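**Q** Structure below; questions to follow.
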Amino acid sequence: MSTPAAGNDAGLADPLLANGAGTGRGGAGSKDKKKYWVPADEEEILAAEESGGEDGRPLLYRTFKVKGILLHPYRLINLARLIVIIQFFVWRMRHRDTDSVVLWWVTVFGDFWFGVSWLLNQASKLNPIRRVPNLALLNQRFDPPGNGSSSSSSQLPAVDVFINTVDPVDEPVLCTMNSVLSILATDYPVGRHATYFSDDGGSLVHYEALLEVARFAAVWAPFCRKHRVEPRAPESYFAAKADNAGPYAGDAPAQFVDDRRHVRREYEEFKARLAALFTVIPQRSEAHGPDSAKGATPTFMADGTHWPGTWFEPAANHNKGQHAAIVEVVLNHPGDEPQLGAPASSENPMDLSAVDVRLPMLVYIAREKRPGYDHQKKAGAMNVQLRVSALLSNAPFVINFDGDHYINNSAAFRAAMCFMLDPRHGEDTAFVQFPQRFDDVDPTDRYSNHNRVFFDATSLGLNGIQGPSYVGTGCMFRRAALYGADPPRWLPPDGSVSKQLSSSDNDPCHHFGNSMPFINSIPLATHHERPVSPPPASPLDAELAAVATCAYEDGTGWGDCVGWVYNIATEDVVTGFRIHRKGWRSMYCATEPDAFRGTAPINLTERLYQILRWSGGSLDMFFSRNSPLLAGRRLHPLQRVAYANMTAYPISAAFIFLYDLLPLMWLSGSEFYIQKPFATYAAYMFAGIAMMEVSGMVEITWAGITLLDWCRNEQFFMVGATGVYPAAVLHSLLRLVGLKGLPFKLTAKPQSSGAAAARERFAEVYEVQWAPLLVPTVVVIAVNVAAVGAALGRAAAGGWSLPQLAATAGGMLFNAWVLLLLYPFALGIMGRWSKRPYLLFVLLVVTLAAIASAYVALLPVFAPRSVSPFWLGFWSRVGSSIFPTSWRI
């Protein structure tokens, strides 16, 4: 990625390619997407050019819609399928001829729910919108070319960055520190962004790792600015192949090779120091000896004082669930004036005389933990970050990351600002959501980790309504929206967000807690132009610790109407819904190259646990007071439909699971039909499925995703529907009757990072971790394989008449479809044998042959009437030649 100045011309020439210009990555994909999209805002652009922009401000993003040649057929196909579904139900209600009334009613309700779910899903995708930020105009208006991150004249608003982590072992510390380094080196004015690192484990390893980060960042950040390298996470940068790096974009090509070699050596030393922390800190603590008062060995800091957080040898007030609050400023506010580095010398090989060497503010936070308090996991940690950051930098915008995500495109913050500062809907935009992308997923994305259908199709559909949902990471928020303010378009003509926040309640402590410095900071957070000044030191120490205590939120609106929402597994979706419910908008921003990248669970069991947490939390939301059915008039009707679909989708699992088990009934020894005439029933079913698949083909065309991505999405939905979603439904039923529900296991992170370790991480795909969550899907696979084997056996025995054979062939198509959708799961439970997928097909053929042979042998004994006379005589002669006379019945 080139600097904003270098990328301006490309942005003006082709907004769809603005974020990919000069990178050497993603350009072809952008061109493929462009041919299906046309501008939808020409009139707005022309009006803005004639009037000089609304309020003198330019329009900072372009809006594109799908070409009519794709959009109109897409809508017609969906309309036609809706008509077919309605006709199907009318026909079923008029023809109630069945072999089982109970099963008939169950399938009617199931088909009805499938139709409703499909309608809810499609309704939100009928007007997809793609919005593309124009970085050239943003820089021209707020940060003119030549200033960049080294000028005090930048008018870009300040941003507070939140990073969350818990354990330096479960979440590898090197991966987490790479995330911090990518933020410290990002392309944004140095004095206008600050990073708040939340360590929920209170580990000294994380704190001292940040000290090492500050030391290495003094070399890494200037190197990135001087040579404009991408990405700015060193592990990913040094692991990338040279042909993926793109053309050189810096100002000193002759010095690049030597500088890169020097920084690479520094990075290797940095990694060695990080790895040594796990040895150095215990050795240091053992050298000081045990604490006689506590009867344990304290963890000592480098200055010889006790670490107030978690000790390696846990003791009272020093373990993960019990320690004091810690707020430490690792890097102070750098000020607004640039500070150029030193020229090259024997001690400093890099020439930094023309580079701003300042580093952004960096703060370590470990909130207080006490027994008896529900600390609310990630949501509680981010609410503490929200309060601490308000006292120190109080930026009007905040963006949150998981510890395993890093900035892959250094212009990402600027891209989000294009939406926040645009004169059309900027003031009413509460958050900008970026898609989640991952480095460590296997090439075929076996378990649909990338979730392309949601991020590249559904999110674009939501973009055409009130905006995408919040998905937990890589999202920039307007701080005022998190405080519970109303959007300007819903305020009285004489009101403002700042005025509402300062006078919304006679007792602001009831909402925000009893910290007056924090309450006084709230109205200031709405002013974009307010310069960020270095915070005072000692007067705030006690206040910073106070807002990070457990008891601070008691009796307040935190976790309800203020900050991130509590008491639910999917705090991200509920938080976004609460903001949308108040009338705010959101925007979807997909850049090229990807704005952020991270790691994902590529082990089957870990992936299923992740889906269980999401689906269980979604159902909890649907049956709570945050249900989209109960939202007020400010929520757009189609946005309500979209949230209803996102929260109620696991209910389909009960019917899908039943359908997956029905083939055994269809292929039993006697005729069995849920609906007669079966031929008409099958025709409706296949017509509906075929139209849905055709609609999906059109959808992936305008969304720009591959057929493999779409197939993986279909496959893993079936995997979830056979095992995970039924467990989520059980969880919600238990919660509805007042029980605790199922425990949700946190997703483990891969233990290595960077592309260099890709081969090692892919090995996790072949690990089998057996859990009860796998059993239902195994049962479904066994049932469908047994049904196909039994059908083949009965056909071999001549047990089918011609009409029955046709009906059975239709049933076997359903069996084959189910098995195809469960193919990734079958590979997953094969473990390392799945490296040779052909073995799965060999095993399938052998199993079918064995079942068919057993069925053929047993059918004349248990159901002789279902065997034709010819074959009955044939198998009798075979049996008499094989078995002794005494064995015959």
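Glycine is no exception: its Cβ is also placed from the backbone N, Cα and C atoms.
The active site annotation in TrEMBL covers ASP200, ASP572. Here TrEMBL flags LYS378, ASP402 as Mn(2+) binding site. Summarising the annotation, TrEMBL assigns region 'Disordered' to 1-33. Per TrEMBL, transmembrane segment is recorded for 102-121, 642-662, 682-704, 716-734, 770-793, 805-826, 838-862.
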**Q** Ten-angstrom check, please: count other Cβ atoms within 10 Å of the Cβ of ASP200 (active site), all chains counted.
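**A** ASP200 (active site): 22 neighbouring Cβ atoms within 10 Å.
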**Q** May I ask for the residues of the chain that lie six or more residues beyond the transmembrane segment (642-662) and have a Cβ under 8 Å from a Cβ within it?
**A** 103, 106-107, 109-110, 113-114, 117, 120-121, 123-124, 461-462, 465, 469, 573, 577, 580, 615-616, 618-619, 621-622, 627-629, 631, 635, 674, 718, 720-722, 724-726, 728-729, 732, 776, 779-780, 783-784, 818
**Q** How many neighbouring Cβ atoms, not counting its own, are there within 10 Å of the Cβ of ASP402 (Mn(2+) binding site)?
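**A** Result for ASP402 (Mn(2+) binding site): 21 other Cβ atoms within 10 Å.
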**Q** Could you pull out which residues elsewhere in the chain have a CB under 8 Å from any CB of the transmembrane segment (102-121), counting only those six or more residues past its ends?
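**A** Residues packing against the transmembrane segment (102-121) from afar: 81-82, 85, 88-89, 92-93, 96, 458, 641-642, 644-645, 648-649, 651-652, 654-656, 658-659, 662, 665, 674-675, 692.
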**Q** How many Å lie between the Cα of LYS378 (Mn(2+) binding site) and the Cα of ASP200 (active site)?
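**A** Rounded to the nearest whole number, the Cα-Cα distance is 8 Å.
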**Q** Measuring Cα to Cα, tell me the gap between ASP200 (active site) and ASP572 (active site) in whole angstrom.
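**A** Given the Cα positions, ASP200 (active site) is 18 Å from ASP572 (active site).
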**Q** Excluding the flanking five residues on each side, which residues at least 6 beyond the ends of the transmembrane segment (716-734) place their CB within less than 8 Å of a CB in that stretch?
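**A** For the transmembrane segment (716-734), the nonlocal Cβ contacts are 447-448, 608, 611-612, 615-616, 618-620, 622-623, 649-654, 656-657, 660, 740-742, 773-777, 780, 818, 821-822, 824-825.
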**Q** To the nearest whole angstrom, state the Cα distance for the pair ASP402 (Mn(2+) binding site) and ASP572 (active site).
**A** 12
**Q** In terms of Cβ proximity under 8 Å, which residues at least six beyond the ends of the transmembrane segment (682-704) contact it?
**A** 29, 32-33, 36-37, 66-67, 70-71, 73-74, 77-78, 80-81, 84-85, 87-88, 91, 118, 122, 125, 128, 452-453, 456-457, 460, 710, 714, 807, 810
**Q** If you draw a 10 Å sphere on the Cβ of ASP572 (active site), how many other Cβ atoms land inside?
**A** 23
